[in-house]
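*Asks:* Pulled these from TrEMBL:
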| type | residues | note |
| --- | --- | --- |
| COMPBIAS | 73-86 | compositional bias 'Low complexity' |
| DOMAIN | 130-190 | domain 'NLE' |
| REGION | 46-112 | region 'Disordered' |
| REPEAT | 223-264 | repeat 'WD' |
| REPEAT | 265-306 | repeat 'WD' |
| REPEAT | 308-354 | repeat 'WD' |
| REPEAT | 355-395 | repeat 'WD' |
| REPEAT | 475-516 | repeat 'WD' |
| REPEAT | 517-558 | repeat 'WD' |
| REPEAT | 559-592 | repeat 'WD' |
Amino acid sequence: PGRGEVIRGGGGLQTGLNVVQIFIIISRLRCAAGCPLTSRAPFPSPPSLRAAAHHQHLSPDAAAATPHPCPVPRAAATSVRASSSPQPRCRRVHQQKLLAPPPPPSSCSTDFASGSAKFRRMDIDASASVMCQLLSPEGDPLGSALYLPQNVGPPQLQEIVNQLLHNEEKLPYAFYVGDEELSVHLGAYMRQKNANVEVTLRIVCQPQALFRIRPVNRCSATIAGHTEAVIAVSFSPDGKSLASGSGDTTVRFWDLSTQTPLFTCKGHKNWVLCIAWSPDGKHLVSGSKSGELILWDPKTGNQLGTPLMGHRKWITAVSWEPVHLQSPCRRFVSASKDGDARIWDITTRKCVISLTGHTSSVTCVKWGGDGLIYTGSQDCLIKVWETSQGKLVKTLKGHGHWVNSLALSTEYVLRTGAYDHTGKTFSTAEEMKEAALARYKKMRGNAPERLVSGSDDFTMFLWEPTISKQPKARMTGHQKLVNHVYFSPDGQWLASASFDKSVKLWNGITGKFVAAFRGHVADVYQISWSADSRLLLSGSKDSTLKIWDIRTHKLKMDLPGHADEVYTVDWSPDGEKVASGGKDRVLKLWMN
């Protein structure tokens with residue numbers, strides 16, 4: 001069949017890789033290994049005959065009279081058309097890219113006419129092949145199952161997956177069997193695990209970032225300025241600016257090129273507890289222990305208008321409306337200890353909607369890419385709100401104690417908007433909106449937006465709020481409260497920081513436990529991901545920062561330097577810098 005035609009195989013009826021392309025790939029792999037293509041697989045036993053008959057809708061007798069289907073792949077079996085000549089001479093398909101000379105003429109014949117291929121016969125020794133089913137990160141099959149030679153490794157699998165998905169630009173992939181990365185060829189893996197070759201090997205293909213972030217390894221600057229503890233640090237969406245909030249009631253902007261203070265913004269009456277950049281990078285909002293919110297201009301450091309008043313107690317969290325929903329950014333939502341969340345419009349400078357319903361402090365808030373707002377509270381509930389009228393959509397129940405932290409699988413692209421590692425700039429708000437929407441759609445794919453919640457009950461829940469009120473997974477293992485949860489930029493991983501001194505890694509799609517990172521000797525306060533999802537940063541009460549390697553599940557870099565507890569950390573979206581702040585009142589910049 002031609003590209004995109006229906007292929008019938010062991011995995012059912014699916015749109016898969018062109019049979020000719022699969023044949024060429026397998027031929028290249030076998031030629032490289034010096035394996036002939038003519039070794040015959042044993043004829044199926046009666047039970048497998050009956051199974052084949054059932055699959056092909058034939059009687060066992062008819063199946064016995066049918067030639068044994070070609071195992072590379074099984075999908076090709078139904079497209080085999082026998083030649084009318086009694087003993088056909090074979091000619092093999094050749095391409096100049098083949099690295100090894102072709103083997104002697106075999107009993108396989110390929111005939112190309114009008115874009116279609118006729119496979120006369122192709123038999124491969126089953127003992128030298130492994131039946132593999134390639135899967136997307138969500139668990140969906142990427143075409144039919146394939147018999148692959150045992151000398152196939154990750155590089156060859158990447159080539160197969162890119163052709164299966166018709167990727168114009170070849171993407172790198174990591175391959176996982178269960179939760180263990182496949183880093184050797186199939187034969188070696190089967191021997192290591194003493195695996196049964198008769199059982200289909202399910203391989204999950206996870207796309208990787210095209211760029212690679214190097215871990216920071218040195219403190220490039222220790223910048224004094226704040227006179228009290230640094231409570232919050234945050235890089236701008238493009239990674240070119242940095243802001244911090246402190247117990248000294250000020251917000252400061254920092255010059256990253258000279259690594260010196262740029263603006264000191266005064267206006268709050270009490271500790272600055274949280275700060276948030278708008279996804280277009282044009283505004284920064286800060287919330288304080290007094291309950292007021294102040295909007296700042298990052299270019300001048302000036303306060304924009306008077307403080308936004310309305311909350312009766314301190315501000316716990318702030319989240320902006322995604323730029324792909326509204327450009328330029330106009331609205332943000334704030335959460336407070338008074339039990340309310342409020343949506344503000346920076347143009348009218350008013351609270352446009354008040355989200356009331358929680359019976360205790362609202363500890364965290366997120367504005368999702370689908371236009372929904374998620375709030376977590378000390379009443380143990382998570383509430384989902386629509387944003388046009390502020391109606392309650394649903395309530396997510398499950399936690400037995402305070403909800404401390406929420407994270408969205410799309411959070412990284414929502415935070416960075418249209419900006420990515422390429423450093424591209426945008427001249428108009430509409431252009432930025434289109435770029436942000438394209439990034440959001442690409443990252444999310446066909447899967448729903450996922451939410452994770454961390455609690456004082458030592459557990460986490462993985463939710464798909466647009467699909468069900470019931471949690472998709474309950475994640476247990478921490479021995480003390482979960483203080484911070486965060487999805488990786490690609491949404492494939494989920495990290496949690498706890499007061500039990502550990503950081504844990506989970507599968508971001510299934511919620512299955514993957515690894516525990518142990519090394520901190522005190523509470524872990526906050527975590528942050530590198531833009532390529534390969535490295536994880538953690539800051540702790542033990543005064544150190546640590547960088548963890550997601551592939552090896554080991555400590556990559558230990559970064560001591562702070563004189564006291566590290567309260568807040570952030571990794572710049574461009575991957576070049578890390579900022580940290582804490583009880584020692586200084587802000588540190590780390591580079592590689």
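Placement of Cβ uses the backbone N, Cα and C atoms for every residue, glycine included.
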*Asks:* How do the residues of the repeat 'WD' (517-558) split into helix, strand and coil according to DSSP?
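*Replies:* Across the repeat 'WD' (517-558), DSSP assigns the residues as follows: 0 helix, 24 strand, 18 coil.
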*Asks:* Against which stretches of its own chain does the repeat 'WD' (355-395) lie, if we need a Cβ under 8 Å and a gap of at least six residues from its ends?
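*Replies:* Here the qualifying positions are 313, 316-322, 324-325, 331-343, 401-408, 410-411, 413-414, 440, 444, 449, 451, 453, 455, 463, 465-466, 469.
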*Asks:* Averaging the per-residue pLDDT over the repeat 'WD' (223-264), what integer do you get?
*Replies:* 94
*Asks:* Counting only residues 6 or more past its boundaries, what in the same chain has a CB within less than 8 Å of a CB in the repeat 'WD' (475-516)?
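*Replies:* For the repeat 'WD' (475-516), the far contacts come to 137-139, 179, 206-209, 401, 404-413, 443-444, 447, 450, 452-462, 522-533, 536, 538, 540, 548, 550, 553.
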